Amino acid sequence: RKPRPVRPLTHGCAGEENWVDNRTIYVGHREPPSGTEAYIPQRYPDNRIVSSKYTFWNFVPKNLFEQFRRIEMVRLFFVLQLIIDTPTSPVTSGLPLFFVITVTAIKQGYEDWLRHKADNAMNQCPVHFIQHGKLVRKQSRKLRVGDIVMVKEDETFPCDLIFLSSSRGDGTCFVTTTSLDGESSHKTYYAPDIYKFAGRINVYHDRNEPIARPLGSENLLLRGATLKNTERIFGVAIYTGMETKMALNYQSKSQKRSAVEKSMNVFLIVYLCILISKAVINTTLKYVWQSDPFRDEPWYNQKTESERKRNLILRAFTDFLAFMVLFNYIIPVSMYVTVEMQKFLGSYFLTWDEEMFDEDTGEGPLVNTSDLNEELGQVEYVFTDKTGTLTENNMEFIECCIEGHVYIPHVICNGQILRDCTGIDMIDSSPGGSGKEREELFFQALCLCHTVQVKEDDNIDGLKKAQLSRRSCVYISSSPDEVALVEGIQRLGYTYLRLKDNFMEILNPKNDIERFELLEMLSFDSVRRRMSVIVRSVAGDIFLFCKGADSSIFPRVTEGKIDQIRSRVERNAVEGLRTLCVAYKKFTRKEYDSVCKLLQNAKLALHDREKKLAEAYEQIEKDLILLGATAVEDQLQEKAADTIEALQKAGIKVWVLTGDKMETAAATCYACKLFRRNTQLLELTTKKIEEQSLHDVLFDLSKTVLKHSGSLTRDNFSGLSTDMQDYGLIIDGAALSLIMKPREDGSSDNYREHFLEICRNCSAVLCCRMAPLQKAQIVKLIKLSKEHPITLAIGDGANDVSMILEAHVGIGITGKEGRQAARNSDYAIPKFKHLKKMLLVHGHFYYVRISELVQYFFYKNVCFIFPQFLYQFFCGFSQQPLYDTAYLTLYNISFTSLPILLYSLMEQHVSTEMLKREPSLYRDIAKNALLRWRVFIYWTFLGLFDAVVFFFGAYFLFDNTTVTSNGQMFGNWTFGTLVFTVLVFTVTLKLALDTHYWTWINHFVIWGSLLFYIIFSLLWGGMIWPFLNYQRMYYVFMQMLSSGPAWLGIILLITVSLLPDVLKKVLCRQLWPTATERTQIMSRHCRDHTSEFTPLASLKNPRYRSNDCSNSPARRSNSHSKKRMFTHWKGNDYSILPSIFGYSNNRCNSSARYCYSGSGLETSV
């Protein structure tokens, strides 16, 4: 047999729509037959997949380069060049740098090693292929383009293949794409994420002209998909390795940076300016001070001749660099390591949350990146998908309307639902004559116009399926709507049996099997929003059955009960049902031949095939006869309405972006409380724009919403107010396209700003009929607006990936539409309801904790280095260090690092229950409130004040004073040690005062850190260390502690340093308390007044109120348990005290009329 070349294939990748690859592939690497075009061998990559970032050889230089690109690392690299001749030892300056670089490199190296390990496992898996007519086995990485590959059932495709042959008689194969997009449904072709794939295969028989066959996406088997329900298939490799579709989708995502990280970098620049200013001031004052010859060259320290001849500018520059190194500790190097550890460890608190675990799916939350934890506490806009996110994506067939008559699959009789009943007419008498014929055509259309597959086995993929009525079979489809329709029609008497040998079989109500030959299938796409099949009946009649959205079907019908069906569709849409319209067309033999020729020409086109197919479909799907419509219900997810209500109370605006029609989406928005009864809906739709110009519509909407803007501040809008006008905006995809399109005159003043101004004054926005790209455009439009709000996108399907990647925070739902959204997201949760706790609790904690961590690091470094700056005024600006080398090195690494790390992991300034109960507390931290300039300046000045107290307090307390029992004076190292001791105790106790949530771990770390400092100082100064070339700290710490005035001074200075911050907090809490502080006071008040007689319900429900009991409690021994139950009966409160604990039952008189029905909290009487 002659070789079969796969003629030019065009292949595009997501995000690169203009990139097209053309290639000619000879199957099995056979040489082309004589007489064909010149054959030029092409080189293609092998089948290796590389997702790792580093190799063994480039890890060190590449990793160092990436680390030094960060702003703080540039400074560290600069410092590293200066440690050769500086006032501090190279170890002192280099150890923190080495620690930061090493920890970061180990973390990134470990992550890359895991990627290498995964790559090797994938590249070394065995593959069967044909070589010289024999079936051989080799590793996947050795596959080449043109190899003929055999894949068996339940095996994954090792590369992108063109499907050649199958073990099934009908020449098809079934594929699941679970590993690609999470879809467990069986497909006969792969449709998602295929852009511009077109080609043809030429089959040569002897020397005859080749027979051309079109190749399309239905023939392309993608790497990573799995073969199902097919014994084996053969395919030719066309794209291998990093050119496969899966590898092309590995394209790196844009690096997302949180608002906290941006604030950190800005604060670093400020502190870098302070560092330079300190160095400049000290260098200038040094030469001013040395202008006196006696000070510059005293008699005991004469300069050498070379030092005298040294250039003044060079000396000044050297001194400037030396001061830079001396003061460089003001920039918190270890803060970045601590932040990385805090984010990494803190992410586990989210994954460990049992309340966010879904028992139905057996899955919990997933953290794909921990870099955005704190961003969860700053969200201002939530963009959510509808189907599968707000709704269950569990479709149930409700009714169908045929020629104005409504049919339902079950009947309600005497309050009971009678399942599996035949259809009955809910409006008029059953249709007769032509009506019966239309009814039969409608049911036939629903049984034939779909992509449903039938699995005639109770066991499918290891899961036991319930037997369907009339036939033991399982319907499988990539669309749950299609399964719901086929199952619903089955309950109305028509059962789809199977597709065999290109014949579709259905079982009618008379138990007769009807067979239809499938001639053509016009596949569904998001632009046409419809699909069609062309079938031939046994009698020879050729029908086109079309099914699609009402907006796509109604303009193409010319006959039928259009008005009656349209009204029913609109009624169902208002009730939140998903609707589809069904139409048909009958072809003559001549008409079908022309249709067949038209389709064949379009399919064989190599260029603009999609456009030509769309034009062909447009010509074929016209002049239809309307048969009826269907209604399918997608139920709202559990607690979706409560979640949206809580988010609105937290000041978060919720937008719904969906591809559904406006009426259906609006009904869902009402059901989930996005729109309320008093919400005035504003429409910016194609229908409105057709009646008026876009400019006029925008002007009218702006005038409407801005009337109340003076009395309504949307930032403070809770979304629940009833005394002010509440607006909701509805926009469709076509109107959005006009808004995003620049004006024809080229002016920059387009309609976007007007649109954004309207949206800012609406409490909720619904975007319907949205394409996936338009969802991303909406998110980007809001993200780049002048307020630069923090956005969050949440969805569950592959069509939501674009907006998930575009938003600041992307959240995927592990739902029924697959896992592609979850894999491309930053976080994944099982259900939409879990978003409430993720933002209001975890996000709140994450932000508060890391904000305190950042501010605290800057504060403690100011406290640390400013005394060193002041000390230069007393040592002739000689660059003499105030602290010992060991203290300089270990201050940030050991003495003060662990308490703030534990604080940033465990602090709870408000209880979890209070945060869930009071969503408005989220507003206190909105817009980066804890890292604003006012707060940053306060922390900086607090550090300066404490540093001044440390230095001058020690200076004036012990100036010209005998502080030891033998009359000796303190030396400079004792003075520095005293300042450092006050410093360590003050910054640690400051953190202890800020801690609201105490555990044994906090106690152990905080007091343990202070104890470690004392023990280290005793050991460091208590013996002579042989590896040191100096012993200046010997006995210094012990001598200081042996002095009574030193003890008194330490206690006094710590108290004075902490006093201003304590007074400020007390005054602000009493005079100007925030909502969080009021909640803290209320919580503490409730705890203080909670006695053993407080009903348990009051500990669970804040609305529970009870008067004090008039009787005193019964006496009991202290060893008894304090458990008791309260209940109410006929105006009296009863304390139910179990006798087993030695209690007696007491009655308490109460005038309160209440009755609490808790979940197992009270015992009935």
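Heads up, the Cβ atoms here are built off N, Cα and C, so glycines get one too.
As recorded in TrEMBL:
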DOMAIN    41-85  domain 'P-type ATPase N-terminal'
DOMAIN    124-245  domain 'P-type ATPase A'
TRANSMEM  266-289  transmembrane segment
TRANSMEM  320-339  transmembrane segment
ACT_SITE  D385  active site, 4-aspartylphosphate intermediate
BINDING   D385, K386, T387, E482, F524, K547, R578, T658, G659, D660, R769, K775, N799, D800  ATP binding site
BINDING   D385, T387, D796, D800  Mg(2+) binding site
DOMAIN    822-1074  domain 'P-type ATPase C-terminal'
TRANSMEM  886-906  transmembrane segment
TRANSMEM  936-958  transmembrane segment
TRANSMEM  970-992  transmembrane segment
TRANSMEM  1004-1028  transmembrane segment
TRANSMEM  1034-1059  transmembrane segment
REGION    1103-1123  region 'Disordered'
COMPBIAS  1107-1116  compositional bias 'Polar residues'
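Here the features listed in TrEMBL are placed on the structure.
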residue : record                                        : Cβ neighbours (10 Å)
D385    : active site, 4-aspartylphosphate intermediate : 28
T387    : ATP binding site                              : 27
F524    : ATP binding site                              : 20
R578    : ATP binding site                              : 22
G659    : ATP binding site                              : 22
R769    : ATP binding site                              : 22
D796    : Mg(2+) binding site                           : 32
N799    : ATP binding site                              : 23
D800    : Mg(2+) binding site                           : 31
Spacing of the two Cα atoms, R769 (ATP binding site) and D385 (active site, 4-aspartylphosphate intermediate), in whole angstrom, works out to 12
For the transmembrane segment (1034-1059), the distant same-chain contacts (Cβ-Cβ under 8 Å, at least six residues beyond its ends) come to 945-946, 949-950, 953-954, 957-958, 961, 963-965, 970-971, 973-974, 977-978, 981-982, 985-986, 989-990, 993, 1017-1018, 1020-1024
The rounded CA-CA distance in Å from R578 (ATP binding site) to D796 (Mg(2+) binding site) is 18
Relative to the transmembrane segment (970-992), the stretch among 266-289, 886-906, 936-958 with the most Cβ pairs under 8 Å is 936-958
Rounding to whole Å, the Cα atoms of T387 (ATP binding site) and D796 (Mg(2+) binding site) are apart by 8
Between the C-alpha atoms of G659 (ATP binding site) and D796 (Mg(2+) binding site), the distance in angstrom, to the nearest integer, is 13
Averaging the pLDDT values of the domain 'P-type ATPase C-terminal' (822-1074) gives 86
The rounded CA-CA distance in Å from F524 (ATP binding site) to D800 (Mg(2+) binding site) is 19
Taking every pair from D385, K386, T387, E482, F524, K547, R578, T658, G659, D660, R769, K775, N799, D800, which the record gives as binding ATP, the longest CA to CA distance in angstrom is 25
As a whole number of Å, the Cα atom of D800 (Mg(2+) binding site) is distant from the Cα atom of D385 (active site, 4-aspartylphosphate intermediate) by 7
Whole-Å Cα distance, D796 (Mg(2+) binding site) to the residue listed as 'active site, 4-aspartylphosphate intermediate', is 8
Students should find that the Cα atoms of N799 (ATP binding site) and D385 (active site, 4-aspartylphosphate intermediate) sit apart, in Å rounded to an integer, by 9
